[in-house]
Amino acid sequence: MQVTSPVRDPLITGGKTYKDVTNDIARHVEGKPTKSWLIGLAVSLTVLLIGSLALVATLWEGIGMWGLNKTVGWAWDITNFVWWVGIGHAGTLISAVLLLFRQKWRTSINRAAEAMTIFAVICAAIFPLIHMGRPWIGAIWALPLPNTYGSLWVNFNSPLLWDVFAISTYFSVSLVFWYIGLIPDFATIRDRATGIRNTIYGALSFGWDGGAKTWMRYESVSLILAGLATPLVLSVHTIVSFDFATSVIPGWHTTIFPPYFVAGAIFSGFAMVLSLMIVTRKVFKLEDYITMGHIELMNIVIIVTGSIVGIAYITEFFIAWYSGVEAEQYAFINRMFGPYWWAYWSMMTCNVISPQLFWFKKIRTSIVATFILSIVVNIGMWFERFVIIVTSLHRDYLPSSWVMFYPTITDVGIYLFTFGFFFTCFLLFAKFFPVINMAEIKAVLKSSSEKTTK
Amino acid sequence: MERDKNFILGIFDDEDILKNAVREVRAAGIKIHEVFSPYPVHGLEDELGYKKSRLPVAAFLFGLLGTTLALTMQFYMMKFDWPMIIGGKDHAAFPDFIPVTFELTVLVAAFGMVGVFMISSNLKPWGQPKIFDLRSTDDKHVMAIDIANNAAVDLEIIKGALKNSGASEVNSKSFD
């Protein structure tokens, strides 16, 4: 009865049965929190609290607390915004694009990656919101709502407004996609539980019964949501890149930005998924579900997207020279050899050279090397945004307004706040939600495991 | 005595045995109430004779609604209600309206379709599902046969059909 492909390695190792899948994954939701989880939560909450001081300072005093000045009007805040949005691209890419490509290995990681996406997008949204200075007014002005000035509407010709729509659509559609996938698993936990947990997960599972008709509709919804989310995920970072590309700042005014930003987003997103999953699989003992095969496949995605990013850097540089525009040429020379040379070369080392190490099978199948490189990649991607934003701005058209940008403690604090927020959310998710999609694992188990029942 | 019970349940361990069983049980003239599974079994809906879901149609119509709303809103605001000259271009800058139109199309299509799915599958936070067997969300497939719907068929024939088609257990269940 059992079908095992002779060519491919099983996706799930350890000869898991359906029952084992339920037990292994539901165990973490049902058990007492472990010591390592509690320590992790305490650290995250501490970082969150310390960072929130900087956030409160900004809301109280205004954005004069930041290192921005007359020439450099976007710096840490927008760097962090683009960085977090980029990280938020992996989840939907894994769950939507890989679903359309019928990549079954996605089932082990899609749940956690989507959760990561949602938290990362929230972190990202904080920055433009507080950059408005008075977010309680700005958040309303950013929407096309009738107002007492006419109504004077928002400007639909502006990429900044497109961003409002892109990010909020991306966030809400990802959230719905994620939640639909969670419903059957909440039902599994509900049916194993009694008392208060039964009530809570009963409500979360929306009265799911697992009937064949419901599953049929569920499959149909998943497929169409994937179809909708695929162009959506590509559109989001495209529109983020329009924020720069449609301006007339040398170094920003490039048509290569949309594909270059999307590749960079997938690159950093996969790196973040790897950093998180390597820790999660170890702490939760999920090595049979997130196998070396999964890690290797993700590393291959990193080589591909990292190489695209590398080619984009070189193309940008070439076009700056080839265009013959002096300001454009200077912007790129200044990036490499100007006062921010260290940021440029950190970016080049982390993003272009380090992922190429994954060509060696020894390195891409090593947990330690993957973990280190995944963090290196995200450092590099942060520098990429910093380089693009700050080095293009700080030497203005008028040399009299040339300045340097130095972050203040408040800038750093708000960045810390988003880290605290991200990890607190992720830890709460990992404890109270099933970190792996049990139903989807069971659906691929028969074709990808050694056995399914005792 | 057993006629008081509402349902006969066949418990299956394997999806392929289940699909065969559905075919055999239906061929024997027994009406199946529903099959409950812990995960989506591909091809099961065909064996059960379910019509294809029309949710894709709903998604398309909602998407069309989103496109219409987005374009109407932008042309009304930018061209008719308060025309402004931005960059010396036409008020009705159609290419500039495409990103927001795309996003709203996706948003309305996704939320509309999910809403229809929730309503048609009766999913709501206060929903109380009829649970035939708790293992149906864990590792077993449960085929439920409504006795009242199969009044013409003898109970023993139903049980026999389930057993012969590979059910690992045959139980009965009643809801008060």
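Quick reminder: no glycine exception, Cβ is built from N, Cα and C everywhere.
Among residues of the same chain six or more beyond the transmembrane segment (A:37-60), those with a C-beta under 8 A of the stretch's C-beta atoms are 66, 126, 130, 135, 283, 409-421, 423-424, 427-428, 430-431. Feature annotation from TrEMBL assigns transmembrane segment to A:37-60 (among others).
Residues of the same chain lying 6 or more positions beyond the ends of the transmembrane segment (A:80-101) and with a Cβ under 8 Å from any Cβ of it are 109-110, 113-118, 120-121, 123-125, 127-128, 167, 170, 174, 177-178, 181, 222-223, 225-227, 229-230, 232-233, 236-237, 240, 261-262, 264-270, 272-273, 378, 381-382, 385, 389, 414-415, 418. Here TrEMBL flags A:80-101 (among others) as transmembrane segment.
Annotated transmembrane segment per TrEMBL: A:113-131 (among others), in sequence order.
The transmembrane segment annotation in TrEMBL covers A:160-182 (among others).
Under the heading transmembrane segment, TrEMBL lists A:221-240 (among others). The list of residues near the transmembrane segment (A:221-240) in space but at least 6 beyond its ends in sequence, with Cβ under 8 angstroms from a Cβ of it, reads 82, 85-86, 89, 92-93, 95-97, 99-100, 159, 162-163, 166-167, 169-170, 173-174, 176-177, 180-181, 258, 261-262, 264-265.
Per TrEMBL, the feature transmembrane segment maps to A:260-279 (among others).
The transmembrane segment feature in TrEMBL is assigned to A:300-322 (among others). Within its own chain, the transmembrane segment (A:300-322) has Cβ neighbours under 8 Å at 254, 256, 259-260, 263-264, 266-267, 270-271, 274, 328-329, 331-332, 348, 351-352, 354-356, 358-359, 364, 373-374, 377, 384, counting only residues six or more beyond its boundaries.
Among the features that TrEMBL reports, transmembrane segment is placed at A:342-360 (among others). Sequence-distant neighbours of the transmembrane segment (A:342-360) (same chain, 6+ residues past either end, Cβ-Cβ under 8 Å): 264, 267, 299-300, 302-303, 306-307, 309-310, 313, 335-336, 369, 373, 376-377, 379-381, 383-384, 386-387, 390-391.
As annotated by TrEMBL, transmembrane segment applies to A:367-392 (among others).
A Cβ distance under 8 Å defines the sequence-distant neighbours of the transmembrane segment (A:412-433), meaning residues of its chain 6+ beyond its ends; these are 28-29, 33, 37, 40-41, 43-55, 57-58, 76-77, 80, 84, 111-112, 115-116, 119-120, 122-123, 126-127, 130, 182, 185, 276, 280, 284. Per TrEMBL, transmembrane segment is recorded for A:412-433 (among others).
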List, by number or range, the same-chain residues at least 6 past the transmembrane segment (A:260-279) whose CB is under 8 A from its CB atoms?
82-83, 85-91, 93-94, 109, 112-113, 116-117, 120, 234, 237-238, 240-241, 290, 294-295, 298-299, 301-302, 305-306, 308-309, 312, 316, 351, 355, 367, 370-371, 373-375, 377-378, 381, 384, 426
